[in-house]
Amino acid sequence: MCSILKCMAVNVEDLIKVKEVNTEHNGTEGESFAYYTFHGLKQVAEKLASLAKIACPIIITSLLMYSKSFVSMLFLGHLGDIALSGGSLSISFANITGYSVLKGLAMGMEPICYQAYGAKRWAIMTKTYRKTLILLLAAIFPISLLWLNMEPILLWLGQDENIAAVAKIYIKYSIPDLIAQAHFHPLRTFLRTQNINRPLTISVIGAMLLHCPINYLLVVYLNLGVKGVALASAWNTLNVNFGLLVYLIMSKTSLRPWDGGIASIFSEGWHPLLALAGSSVLSVCLEWWCYEILLLLCSLLSNPQVNVAAMGILIQTTSLLYVFPSSLSSALSIQVGHELGADQPKQAQQTSIVGFTLAALWGILAFLFTTAVRDVWGRLFTCDPMTLGLTSSTLPLLGFCELGNSPQTAACGVLVGSARPKMGCHINFVSFYLIGLPVAALSAFKFNMGFFGLWFGMAAAQVSCTCMMVCTLIYTDWKQQATRAKELTQENEDDKNDLEAPLLS
């Protein structure tokens, strides 16, 4: 609401001008006010349509990609509680040390590509893609070494031996998926920058149609167990990558990421990309790690198998609810980046307000959903009565967390689109690590709230994060952000054919 009032205050002069013009030509001040109101509603409708055009394909794709992990959890549950707990712990460790790192590093290319696309500087986009791919492939080596030595780390952290043994097997066979993800993230961003979403959606649909049969083949028919679930996930990502490569080869309209030379990439400046990637990876990891640390803390409570299994189910649930705000965040990043790159700060501000309001409404719907299905949701994953009871009692609190998680995720997208990931990193650190985790630890262990206390800490983190994000957006100078976008994608004046900017020089 504060953001809306600020936007109205910024546009007071425009309102006065509209009134004067309409009074002169149409006669009455009432008619001019009606015109202004209609014009404002029309702008909101246009913003909604623009965001929906970008976000809807991303939502569909994200839901399909979520179903990949959902199917994996179902097959792990079919193998038993130990497999479900070990697989959940392994996925948690992989998210903390691998997938979050790759996603964060890939996000470093987003503001550069979004603003370069808005400024119509195509060479910057292709060179940034290739640099990001090299960066992600280089990150795979230390991550893989860490994964191969996961079991002693888990045992040192006090994890159950049986669960740690299963987790070791799962993560070892997840390394092919890590390699596939390193190719997938920059390729997806490159296509989304150009508002090309349909090929990704089609590729994901094709991969998901094969995912259940592949899981059945590997897990049941070939009796590979936990190994089969991990390999099936990797196979799914490879299928998506294959579909996207086929599209790029066959397409005659879109930019191709391999257009241009490769040798010059290593001799050009990397600092701007590395700076954005570093801030982005910290911002993503700080939030992801907080959830995964909660999963690790579960094993320190009494009856760790039940707690870890319930936490795995709840994290899968929040991942599902995260699809809409995450997709909206991506749409906001793209739209705000394009508008700032095209020197339209007022449009970028209006887009941010509309997107933030939509995210807040989704948070309310998520809370109502989790409260309504609390008694039946857990049965999709397990039949264990203790796990079901723990899941049921905590789901409403998870929904309360979404009241903050949804709008703060949308605000994060605005920060990415305006090339301010460092601001998001600072906010996430304060809210999740200086507020959320201490509250969770005190509630769970000091005040004996147990499992519920861990999620109480997460609620505190989300509320504080949302408040700080709102303040950041309210005090954003959008004209200054448009100026920064120009500087980020500034064309080299000495060579008009070279679209390299200071960020690449």
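Here the Cβ of each residue, glycine as well, is placed from N, Cα and C on the backbone.
Taking Cβ pairs closer than 8 Å, the transmembrane segment (54-76) reaches residues 83-84, 87-88, 91, 192, 195, 197-198, 200-201, 204-205, 207-208, 211-212, 215, 219, 226, 228-229, 232-233, 236, 312-313, 316, 319-320, 323-324, 326-328, 330-331, 334-335, 380-381 in its own chain, all 6 or more past its ends. The annotation transmembrane segment is assigned in TrEMBL to 54-76 (among others).
Per TrEMBL, transmembrane segment is recorded for 82-102 (among others).
Annotation source TrEMBL lists transmembrane segment at 133-150 (among others).
Residues or ranges marked as transmembrane segment in TrEMBL: 200-222 (among others). Among residues of the same chain six or more beyond the transmembrane segment (200-222), those with a C-beta under 8 A of the stretch's C-beta atoms are 57, 60-61, 64-65, 67-68, 71-72, 75, 78-79, 188, 191-192, 228-229, 231-232, 235-237, 239-244, 247.
Residues annotated as transmembrane segment in TrEMBL: 229-250 (among others). Sequence-distant contacts of the transmembrane segment (229-250), counting only residues of its own chain at least 6 positions beyond either end whose CB sits under 8 Å from a CB of the stretch, comprise 68-69, 72, 75-76, 79, 87, 90, 169-174, 176-177, 180-181, 183-184, 187-188, 191, 199-200, 202-204, 206-208, 210-211, 214-215, 218-219, 256-257.
With a cut-off of 8 Å between Cβ atoms, the residues of this chain six or more beyond the transmembrane segment (270-294) that come close are 92-93, 95-96, 99-101, 103-112, 128, 131-132, 135, 311, 315, 318, 412, 416, 419, 421-422, 424-425, 428-429, 432-433, 436-437, 440, 454-455, 457-458, 461, 488, 502-504. If you look up TrEMBL, you'll see 270-294 (among others) marked as transmembrane segment.
What TrEMBL lists as transmembrane segment is 353-373 (among others). Sequence-distant contacts of the transmembrane segment (353-373) (same chain, at least 6 residues past either end, Cβ-Cβ under 8 Å): 3-4, 7, 44, 47-48, 51, 317, 321, 324-325, 328-329, 331-332, 335, 395-396, 398-400, 402-407, 409-411, 413-414, 470, 473.
Tertiary neighbourhood of the transmembrane segment (427-445): same-chain residues 282-283, 286-287, 290, 293-294, 297, 300-301, 451-458, 460-462, 464-465, 468-469, 472, selected by CB-CB distance under 8 Å and a gap of 6+ residues from either end. What TrEMBL lists as transmembrane segment is 427-445 (among others).
Look at TrEMBL and you will find 451-476 (among others) tagged as transmembrane segment. Sequence-distant neighbours of the transmembrane segment (451-476) (same chain, 6+ residues past either end, Cβ-Cβ under 8 Å): 2-3, 6, 290-291, 294, 297-298, 301, 307, 310-311, 314, 349, 352, 356, 390, 393-394, 397-398, 400-405, 407-408, 411-412, 414-415, 418, 423, 427-428, 430-432, 435-445.
Sequence-distant neighbours of the transmembrane segment (82-102) (same chain, 6+ residues past either end, Cβ-Cβ under 8 Å): 69, 72-73, 76, 136, 139, 143, 146-147, 150, 154, 159-160, 162-171, 174, 178, 181-182, 185, 225-226, 229-230, 281, 284-285, 288-289, 291-293, 295-296, 299, 304-305, 308-309, 311-312, 315, 381-382.
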